[in-house]
Amino acid sequence: MNRPERLQPGVKLRDADKVARIPVKVVPSERETMLRKPDWLRVKLPSSNQRILEIKAALRKNGLHSVCEEASCPNLAECFNHGTATFMILGAICTRRCPFCDVAHGRPLKADADEPKKLAQTIKDMKLKYVVITSVDRDDLRDGGAQHFADCIREIRLLNPEIKIETLVPDFRGRIDAALDILATEPPDVFNHNLETAPAHYRKARPGANYQWSLDLLKRFKERHPTIPTKSGLMMGLGETNEEIAEVLRDLRAHNVEMLTLGQYLQPSKFHLPVERYVPPAEFDELKALADELGFTHAACGPLVRSSYHADLQAQGKEVK
(Lines of atoms letter the chains of each structure in order from A; the text may use other names.)
(Lines give C-alpha, C1' and ligand atoms only; values in the text may rest on other atoms or scores of the structure.)
Protein backbone atom coordinates (compact mmCIF):
# COMPACT_ATOMS: atom_id res chain seq x y z
CA MET A 1 0.00 0.00 0.00
CA ASN A 2 1.33 3.43 -0.94
CA ARG A 3 1.80 5.91 1.87
CA PRO A 4 -0.25 9.11 1.63
CA GLU A 5 1.81 11.99 0.29
CA ARG A 6 3.14 14.29 3.01
CA LEU A 7 1.29 17.59 3.05
CA GLN A 8 3.39 20.59 2.09
CA PRO A 9 3.06 23.68 4.31
CA GLY A 10 0.81 26.34 2.83
CA VAL A 11 -0.62 24.20 0.03
CA LYS A 12 -4.42 24.32 -0.11
CA LEU A 13 -6.32 21.10 -0.82
CA ARG A 14 -9.86 21.57 -2.10
CA ASP A 15 -12.74 19.53 -3.47
CA ALA A 16 -11.75 15.91 -4.30
CA ASP A 17 -8.24 16.30 -2.84
CA LYS A 18 -9.65 17.62 0.42
CA VAL A 19 -12.17 14.82 1.05
CA ALA A 20 -10.06 11.94 -0.28
CA ARG A 21 -9.31 10.42 3.14
CA ILE A 22 -12.40 11.05 5.27
CA PRO A 23 -14.26 8.10 6.92
CA VAL A 24 -17.49 8.38 4.90
CA LYS A 25 -16.60 8.76 1.24
CA VAL A 26 -18.32 11.48 -0.76
CA VAL A 27 -19.46 10.37 -4.20
CA PRO A 28 -19.18 13.34 -6.58
CA SER A 29 -22.64 14.62 -7.48
CA GLU A 30 -23.86 14.42 -11.05
CA ARG A 31 -25.65 17.52 -12.30
CA GLU A 32 -28.83 15.59 -13.11
CA THR A 33 -29.08 14.25 -9.54
CA MET A 34 -28.57 17.59 -7.79
CA LEU A 35 -31.72 19.16 -6.36
CA ARG A 36 -32.92 22.34 -8.03
CA LYS A 37 -32.50 25.36 -5.78
CA PRO A 38 -35.92 26.77 -4.81
CA ASP A 39 -36.92 30.39 -5.35
CA TRP A 40 -36.70 31.23 -1.64
CA LEU A 41 -32.92 30.71 -1.82
CA ARG A 42 -32.34 33.22 -4.59
CA VAL A 43 -30.01 35.96 -3.33
CA LYS A 44 -30.56 39.53 -4.51
CA LEU A 45 -27.33 41.26 -5.50
CA PRO A 46 -26.76 44.88 -4.43
CA SER A 47 -27.10 47.61 -7.06
CA SER A 48 -23.48 48.70 -6.49
CA ASN A 49 -20.39 46.66 -5.67
CA GLN A 50 -18.27 49.64 -4.56
CA ARG A 51 -18.43 48.80 -0.85
CA ILE A 52 -17.69 45.14 -1.61
CA LEU A 53 -14.54 46.12 -3.50
CA GLU A 54 -13.47 48.46 -0.67
CA ILE A 55 -13.73 45.72 1.96
CA LYS A 56 -11.91 43.18 -0.22
CA ALA A 57 -9.15 45.75 -0.80
CA ALA A 58 -8.84 46.39 2.96
CA LEU A 59 -8.51 42.65 3.60
CA ARG A 60 -5.90 42.17 0.87
CA LYS A 61 -3.89 45.19 2.00
CA ASN A 62 -3.18 43.59 5.37
CA GLY A 63 -3.09 39.96 4.27
CA LEU A 64 -6.30 39.15 6.15
CA HIS A 65 -8.98 36.57 5.38
CA SER A 66 -12.76 36.60 5.67
CA VAL A 67 -14.75 33.42 6.19
CA CYS A 68 -17.30 35.05 3.89
CA GLU A 69 -14.95 34.46 0.96
CA GLU A 70 -13.10 31.33 2.09
CA ALA A 71 -16.33 29.41 2.83
CA SER A 72 -18.24 30.80 -0.19
CA CYS A 73 -21.03 32.28 1.94
CA PRO A 74 -24.20 33.11 -0.04
CA ASN A 75 -24.63 36.34 1.94
CA LEU A 76 -21.21 37.78 1.05
CA ALA A 77 -22.55 40.52 -1.24
CA GLU A 78 -25.18 41.67 1.27
CA CYS A 79 -22.84 41.70 4.27
CA PHE A 80 -19.92 43.35 2.45
CA ASN A 81 -22.27 45.93 0.96
CA HIS A 82 -23.40 46.83 4.49
CA GLY A 83 -19.81 47.16 5.67
CA THR A 84 -19.63 44.02 7.80
CA ALA A 85 -17.34 41.02 7.58
CA THR A 86 -16.41 37.96 9.60
CA PHE A 87 -12.64 37.85 9.91
CA MET A 88 -10.89 34.48 9.79
CA ILE A 89 -7.64 34.39 11.74
CA LEU A 90 -4.81 31.83 11.84
CA GLY A 91 -4.66 31.49 8.06
CA ALA A 92 -6.96 30.03 5.44
CA ILE A 93 -5.91 26.36 5.70
CA CYS A 94 -7.78 24.05 8.08
CA THR A 95 -6.40 20.87 9.67
CA ARG A 96 -9.83 19.19 9.35
CA ARG A 97 -11.56 17.86 6.22
CA CYS A 98 -15.27 18.51 6.88
CA PRO A 99 -17.02 17.69 3.58
CA PHE A 100 -19.76 20.31 3.99
CA CYS A 101 -17.26 23.17 4.24
CA ASP A 102 -15.50 25.00 1.39
CA VAL A 103 -12.48 26.12 3.44
CA ALA A 104 -9.28 24.47 2.19
CA HIS A 105 -7.54 21.63 4.05
CA GLY A 106 -3.80 21.20 4.40
CA ARG A 107 -0.76 21.83 6.55
CA PRO A 108 -1.08 25.43 7.78
CA LEU A 109 1.71 27.94 7.88
CA LYS A 110 2.97 29.36 11.17
CA ALA A 111 0.55 31.87 12.69
CA ASP A 112 1.28 35.48 11.71
CA ALA A 113 2.40 37.23 14.92
CA ASP A 114 1.48 40.60 13.40
CA GLU A 115 -2.06 39.55 12.51
CA PRO A 116 -3.69 40.86 15.75
CA LYS A 117 -2.35 44.40 15.16
CA LYS A 118 -3.18 44.32 11.44
CA LEU A 119 -6.68 43.10 12.22
CA ALA A 120 -7.23 45.82 14.81
CA GLN A 121 -6.08 48.54 12.40
CA THR A 122 -8.25 47.21 9.57
CA ILE A 123 -11.31 47.19 11.83
CA LYS A 124 -10.56 50.78 12.88
CA ASP A 125 -10.12 51.86 9.25
CA MET A 126 -13.45 50.23 8.37
CA LYS A 127 -15.14 51.99 11.34
CA LEU A 128 -16.85 48.78 12.46
CA LYS A 129 -18.90 48.67 15.67
CA TYR A 130 -19.41 44.88 15.83
CA VAL A 131 -17.05 42.21 14.53
CA VAL A 132 -17.04 38.43 14.39
CA ILE A 133 -13.67 36.69 14.68
CA THR A 134 -13.45 33.05 13.65
CA SER A 135 -10.67 30.68 12.64
CA VAL A 136 -9.85 27.47 10.89
CA ASP A 137 -9.18 24.43 13.09
CA ARG A 138 -5.53 24.44 14.14
CA ASP A 139 -4.94 20.97 15.61
CA ASP A 140 -1.23 21.56 14.96
CA LEU A 141 -1.04 24.19 17.72
CA ARG A 142 -0.62 23.23 21.37
CA ASP A 143 -3.48 25.53 22.47
CA GLY A 144 -5.58 25.11 19.32
CA GLY A 145 -5.08 28.80 18.55
CA ALA A 146 -6.61 30.14 21.77
CA GLN A 147 -3.74 32.53 22.53
CA HIS A 148 -4.02 34.02 19.04
CA PHE A 149 -7.73 34.65 19.64
CA ALA A 150 -6.92 36.38 22.94
CA ASP A 151 -4.18 38.47 21.29
CA CYS A 152 -6.59 39.56 18.54
CA ILE A 153 -9.31 40.53 21.03
CA ARG A 154 -6.82 42.56 23.10
CA GLU A 155 -5.41 44.46 20.11
CA ILE A 156 -8.86 45.13 18.65
CA ARG A 157 -10.08 46.64 21.93
CA LEU A 158 -6.96 48.79 22.30
CA LEU A 159 -7.69 50.56 19.01
CA ASN A 160 -11.50 50.22 19.12
CA PRO A 161 -12.58 50.64 22.76
CA GLU A 162 -16.33 50.85 22.00
CA ILE A 163 -16.45 47.76 19.78
CA LYS A 164 -18.38 44.55 20.46
CA ILE A 165 -16.55 41.31 19.62
CA GLU A 166 -18.09 37.92 18.91
CA THR A 167 -15.81 34.90 18.61
CA LEU A 168 -16.81 31.86 16.57
CA VAL A 169 -14.30 29.33 17.85
CA PRO A 170 -13.24 25.79 16.84
CA ASP A 171 -13.73 22.91 19.29
CA PHE A 172 -10.17 23.05 20.76
CA ARG A 173 -10.12 19.25 20.59
CA GLY A 174 -8.36 17.68 23.57
CA ARG A 175 -7.41 21.04 25.08
CA ILE A 176 -10.69 22.69 26.14
CA ASP A 177 -9.62 23.66 29.67
CA ALA A 178 -6.28 25.10 28.53
CA ALA A 179 -8.01 27.09 25.78
CA LEU A 180 -10.66 28.43 28.16
CA ASP A 181 -7.96 29.45 30.66
CA ILE A 182 -6.35 31.55 27.93
CA LEU A 183 -9.62 33.04 26.65
CA ALA A 184 -10.52 34.05 30.21
CA THR A 185 -7.78 36.70 29.98
CA GLU A 186 -9.62 38.41 27.08
CA PRO A 187 -13.20 37.13 26.94
CA PRO A 188 -15.38 38.18 23.98
CA ASP A 189 -18.79 39.85 24.20
CA VAL A 190 -20.46 36.80 22.61
CA PHE A 191 -19.01 33.26 22.58
CA ASN A 192 -20.10 31.19 19.58
CA HIS A 193 -19.30 27.59 18.67
CA ASN A 194 -21.30 25.75 16.03
CA LEU A 195 -22.60 22.21 16.53
CA GLU A 196 -23.41 22.22 12.77
CA THR A 197 -25.65 19.12 12.71
CA ALA A 198 -27.29 16.38 14.79
CA PRO A 199 -24.99 13.80 16.44
CA ALA A 200 -26.10 10.93 14.17
CA HIS A 201 -24.56 12.80 11.22
CA TYR A 202 -21.21 13.74 12.77
CA ARG A 203 -19.22 10.88 11.24
CA LYS A 204 -20.06 11.94 7.69
CA ALA A 205 -20.20 15.71 8.23
CA ARG A 206 -17.68 16.50 11.00
CA PRO A 207 -14.90 13.87 10.97
CA GLY A 208 -12.55 14.57 13.86
CA ALA A 209 -15.20 16.38 15.91
CA ASN A 210 -17.35 15.13 18.77
CA TYR A 211 -20.87 16.30 19.62
CA GLN A 212 -20.44 16.08 23.40
CA TRP A 213 -17.07 17.87 23.31
CA SER A 214 -18.72 20.77 21.54
CA LEU A 215 -21.56 20.92 24.05
CA ASP A 216 -19.06 20.76 26.91
CA LEU A 217 -17.04 23.64 25.43
CA LEU A 218 -20.12 25.86 25.39
CA LYS A 219 -21.18 24.83 28.88
CA ARG A 220 -17.74 25.28 30.44
CA PHE A 221 -17.32 28.74 28.95
CA LYS A 222 -20.72 29.74 30.35
CA GLU A 223 -19.81 28.40 33.79
CA ARG A 224 -16.74 30.66 33.81
CA HIS A 225 -18.52 33.69 32.31
CA PRO A 226 -22.20 33.59 33.32
CA THR A 227 -22.96 37.09 31.99
CA ILE A 228 -21.55 36.52 28.48
CA PRO A 229 -24.06 35.12 25.94
CA THR A 230 -23.25 31.75 24.38
CA LYS A 231 -24.38 30.89 20.88
CA SER A 232 -24.41 27.96 18.44
CA GLY A 233 -25.45 27.28 14.86
CA LEU A 234 -26.88 24.38 12.87
CA MET A 235 -27.44 23.51 9.21
CA MET A 236 -30.40 21.67 7.73
CA GLY A 237 -30.47 19.56 4.59
CA LEU A 238 -27.83 16.93 5.43
CA GLY A 239 -30.30 14.12 6.01
CA GLU A 240 -31.38 15.02 9.53
CA THR A 241 -35.00 15.00 10.67
CA ASN A 242 -36.74 17.95 12.30
CA GLU A 243 -37.03 15.91 15.49
CA GLU A 244 -33.26 15.37 15.51
CA ILE A 245 -32.79 19.13 15.24
CA ALA A 246 -35.35 19.67 18.00
CA GLU A 247 -33.37 17.32 20.24
CA VAL A 248 -30.18 19.31 19.55
CA LEU A 249 -32.01 22.49 20.58
CA ARG A 250 -32.96 20.82 23.85
CA ASP A 251 -29.34 19.74 24.38
CA LEU A 252 -28.13 23.30 23.76
CA ARG A 253 -30.52 24.72 26.32
CA ALA A 254 -29.52 22.00 28.80
CA HIS A 255 -25.94 23.27 28.37
CA ASN A 256 -27.03 26.90 28.96
CA VAL A 257 -26.69 28.11 25.37
CA GLU A 258 -28.85 31.21 24.82
CA MET A 259 -28.56 32.18 21.15
CA LEU A 260 -29.23 30.06 18.06
CA THR A 261 -28.79 30.24 14.30
CA LEU A 262 -30.42 27.72 11.99
CA GLY A 263 -29.98 27.79 8.21
CA GLN A 264 -30.05 25.75 5.01
CA TYR A 265 -26.96 23.76 3.98
CA LEU A 266 -25.79 24.62 0.45
CA GLN A 267 -23.40 22.31 -1.42
CA PRO A 268 -20.21 24.24 -2.34
CA SER A 269 -19.20 21.87 -5.16
CA LYS A 270 -20.01 18.44 -6.57
CA PHE A 271 -17.26 16.98 -4.34
CA HIS A 272 -18.98 18.08 -1.12
CA LEU A 273 -21.87 16.42 0.69
CA PRO A 274 -25.05 16.67 -1.38
CA VAL A 275 -28.10 18.63 -0.28
CA GLU A 276 -30.63 15.96 0.65
CA ARG A 277 -33.53 18.39 0.84
CA TYR A 278 -34.30 22.10 0.79
CA VAL A 279 -36.19 22.94 3.96
CA PRO A 280 -39.22 25.21 3.37
CA PRO A 281 -39.34 28.53 5.27
CA ALA A 282 -42.44 27.33 7.15
CA GLU A 283 -40.41 24.56 8.81
CA PHE A 284 -37.78 27.07 9.91
CA ASP A 285 -40.62 29.10 11.43
CA GLU A 286 -41.81 26.03 13.36
CA LEU A 287 -38.31 25.42 14.73
CA LYS A 288 -38.01 29.11 15.61
CA ALA A 289 -41.23 28.78 17.64
CA LEU A 290 -39.78 25.74 19.42
CA ALA A 291 -36.54 27.62 20.16
CA ASP A 292 -38.53 30.48 21.68
CA GLU A 293 -40.53 27.99 23.74
CA LEU A 294 -37.32 26.35 25.00
CA GLY A 295 -36.04 29.69 26.25
CA PHE A 296 -33.42 30.84 23.72
CA THR A 297 -33.07 34.59 24.15
CA HIS A 298 -32.70 34.93 20.39
CA ALA A 299 -33.10 32.45 17.55
CA ALA A 300 -32.43 33.38 13.92
CA CYS A 301 -34.00 30.66 11.77
CA GLY A 302 -34.33 30.81 7.99
CA PRO A 303 -32.90 29.36 4.77
CA LEU A 304 -30.15 31.99 4.34
CA VAL A 305 -29.29 32.43 8.02
CA ARG A 306 -25.64 31.79 8.89
CA SER A 307 -23.94 31.91 12.28
CA SER A 308 -22.48 35.38 11.70
CA TYR A 309 -25.22 36.75 9.41
CA HIS A 310 -26.31 40.11 10.90
CA ALA A 311 -24.59 39.02 14.11
CA ASP A 312 -24.82 42.56 15.46
CA LEU A 313 -28.61 42.49 15.14
CA GLN A 314 -28.75 39.02 16.67
CA ALA A 315 -26.76 40.22 19.67
CA GLN A 316 -29.26 43.07 20.11
CA GLY A 317 -32.13 40.57 20.07
CA LYS A 318 -33.56 41.87 16.80
CA GLU A 319 -35.39 39.62 14.36
CA VAL A 320 -33.17 38.05 11.68
CA LYS A 321 -34.48 35.65 9.02
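Heads up, the Cβ atoms here are built off N, Cα and C, so glycines get one too.
Here is what Swiss-Prot records for this protein:
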type    : residues                    : note
BINDING : Cys68, Cys73, Cys79, Ser308 : [4Fe-4S] cluster 1 binding site
DOMAIN  : 80-297                      : domain 'Radical SAM core'
BINDING : Cys94, Cys98, Cys101        : [4Fe-4S] cluster 2 binding site
Sorted by sequence, non-Cys94, Cys98, Cys101 residues with Cβ within 8 Å of centre, [4Fe-4S] cluster 2: Arg96, Arg97, Pro99, Phe100, Asp102, Val103, His105, Val136, Asp137
Surrounding CB atoms that lie within 10 Å of the CB of Cys101 ([4Fe-4S] cluster 2 binding site), all protein chains: 23
Model confidence over the domain 'Radical SAM core' (80-297), averaged pLDDT: 95
Cys94 ([4Fe-4S] cluster 2 binding site) - helix vs strand vs coil (DSSP): strand
